[in-house]
Amino acid sequence: MKTLLLTLVVVTIVCLDLGYTLKCNKLVPLFYKTCPAGKNLCYKIFMVATPKVPVKRGCIDVCPKNSALVKYVCCNTDRCN
């Protein structure tokens, strides 16, 4: 009986996500992905010429600097991009 209980506890721990995982939108916001460890920011990339149309979305570890052609927007809450 103790073995069965221990097995159930181990399976529960393995199946549950004990750590916080960030969820970021993919290019189409209806879909999202769970970010891997170490990637704790969501991002969205815009072309400066078309600032209302995102080119790419996802998970990232450090927010890159904007350039003359590309603007990055980063955030750190679920599906904020």
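Cβ atoms here come from the backbone N, Cα and C positions, even for glycine.
The model shown is predicted, which means the values in this text are computed figures rather than measured ones.
Taken straight from Swiss-Prot:
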type	residues	note
DISULFID	CYS24-CYS42	disulfide bond
DISULFID	CYS35-CYS59	disulfide bond
DISULFID	CYS63-CYS74	disulfide bond
DISULFID	CYS75-CYS80	disulfide bond
SIGNAL	1-21	signal peptide
For CYS80 (disulfide bond), the one of CYS35, CYS42, CYS63 that lies nearest, given that the disulfide-bonded residues are compared by Cα: CYS42
Rounded Cα-Cα span from CYS42 (disulfide bond) to CYS74 (disulfide bond), Å: 6
Among CYS42, CYS63, CYS80, which are disulfide-bonded residues, the residue with the most C-beta atoms within 10 angstroms of its C-beta: CYS42
10 Å Cα neighbourhood of CYS75 (disulfide bond): matching disulfide-bonded residues from CYS35, CYS42, CYS63: CYS42, CYS63
CYS63 (disulfide bond): secondary structure state under DSSP, collapsed to three categories: coil
Sparsest-packed among the disulfide-bonded residues, when each Cβ's other Cβ atoms within 10 Å are tallied, from CYS24, CYS35, CYS59, CYS74: CYS74
Those disulfide-bonded residues of CYS24, CYS42, CYS63 having Cα within 10 angstroms of CYS35 (disulfide bond): CYS24, CYS42
Neighbouring C-beta atoms (10 Å sphere around the C-beta of CYS75 (disulfide bond)): 15
